[in-house]
Amino acid sequence: MTRFIFITGGVVSSLGKGLASAALGALLQARGFKVRLRKLDPYLNVDPGTMSPYQHGEVYVTDDGAETDLDLGHYERFTGVPSRKSDNITTGRIYSNVIAKERRGDYLGATVQVIPHVTDAIKEFVKSDLTDEDFCLCEIGGTVGDIESLPFLEAIRQLGNELGRARTMFVHLTLVPYIPSAGELKTKPTQHSVKELLSVGIQPDMLMCRCDREIPEGDRRKIALFCNVAPDAVIPALDVDSIYQVPISYHEQGMDAVVCRHFGLDAPLPDLKRWSTIVDRIRQPEGEVTIAIVGKYISLLDSYKSLAEALHHGGIANNVKVNLNWIDSQIFEQGDVVQHLEPCDGILVPGGFGERGAFGKVEAVRFARERKVPYFGICFGMQMAVIEAARNLAGYKDASSTEFGPCDNPVVGLMTEWMKGNMLEKRAASGDLGGTMRLGAYECDLKQGSRVREIYGQGRISERHRHRYEVNMGYRADLEKTGLSFSGLSPDGVLPEIVEIPDHPWFVGVQFHPELKSKPFDPHPLFTSFIAAAVRQSRLV
């Protein structure tokens, strides 16, 4: 029997509902429960796949090929439970499904309305694809009071009535701001946020109050009194130095104990040793390295959320602090490469789309190759590494990607077909933008004796992809003559997945996104190895 915990947010956006949900999931998991986490997004897009990174941030890709909200990355990193397509829904997808049913006649001529048809579709999603999970935590995107979120709030209100308190719990995350001129915390925004939630029929069972300092006992009791919750169910969500300290902080505030009491569960205390170990390593590093991230969406760092976390995971594994130097690739198109990159111990070029800033990334690759600085190219970063080698080593001075327009030497081109298991998948360049991607987990065979095979410690791996362009195998022979090794291929040998330069301290480009599978307690081997190479570069060891 799965129990449902619904997490809502109020007062302002960006309070950290995703992290709060992930941390609560980790605490319940540490008590021995099996958990599942889901995100309900109120926006009208079908998925975030075609949204601007500046608008939405990172698109998190699951093994089964769903393009989802970045909060699912938090869920996976904190619990280790792989997210699935059924763990993220948007208003756009809900309405698409409802309209499709209406067109098929599934509603038998009824007038299709938000209640009950849209709310029923939301409830169906919440309860679907669950087996033996003890808890399903559902985060409702947006802020209470938004027009877009009303159908979702109504749906979870109905679920609360249908399933009863024995199987449902409502958690509300609010802000308790400190007013310097008054010298005190203010509880009124929280009171009004709960009032707004009550207006749609939801009484929260627990309040998580974001604040930058301890909430005095008197203020906690005041919030409890006016918001109709138990005093110990007012949980201060204090600012902490590292997000991986959040589960420890929430446990110290009694959050998981309140949840267990609500459901009448007698569970053992959580084992938080691995979180304590992670926090200790973050607080007491034995050195530090600086990694240059040469990207194009750096004005919104959420665009690279999983990437930044994976680099920090590599730092945890090597017991060093990782400083990230974010650099807009466009500045390298006018020069200044040495000035920006010389102080760095490693260079990483992440994924991206489009020509803007692309050849600045090529210059960053050239610097890393010629100066023997550890280089890690991910997705677009691998393609730029191949273009750099084709131009400066193989003699194809006009080598480019068809993504940027027609060219005589397209060393990178649009994929039109590939194998997924025993099935041939095809895409057309004229198809919908959201339907032309190679998405999800695909296997890759690693070359015997290669650096990546040594790093992974196995011959076949599975990694997550999100791309529509691929390195052209027609140039493989000429590129390998220059010293660029194609060390990872799809099992059918058609698609190049990894390139490396054996005669280099550390130079690896991958077509997939390894950052999506990295966790603080299980760092991805490529990031662990890359940071180790950066440590050697910095002469720390």
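Cβ from N, Cα, C; glycine included.
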According to Swiss-Prot, which candidate in D71, D87, D106 joins S14, L15, G16, K17, G18, L19 at the ATP site:
D71
Given that Swiss-Prot assigns S13, K186, T187, K188, P189, T190, Q191 to the UTP site, pick the one from K39, K127, K222 that the record assigns to that site as well.
K222
Since Swiss-Prot lists Y54, G352, F380, G381, M382, Q383, E403 for L-glutamine, which candidate among R281, R283, R464, R468 does it give for that site as well?
R468
By a 10 A CB contact count over all chains shown, which of the binding-site residues listed here is most packed: K17, K186?
K17
Spatially, which candidate from the binding-site residues S13, L19, T190, K222 is nearest to F380 (L-glutamine binding site), comparing Cα atoms?
L19
Name the residue among the binding-site residues G18, P189, G352, G381 whose Cβ has the smallest number of other Cβ atoms within 10 Å.
P189
Consider each pair of residues in S14, L15, G16, K17, G18, L19, D71, all listed by the record as binding ATP, and report the largest Cα separation in Å as a whole number.
12
Given the binding-site residues S13, L15, G18, K186, which one's Cα is the least distant from that of M382 (L-glutamine binding site)?
G18
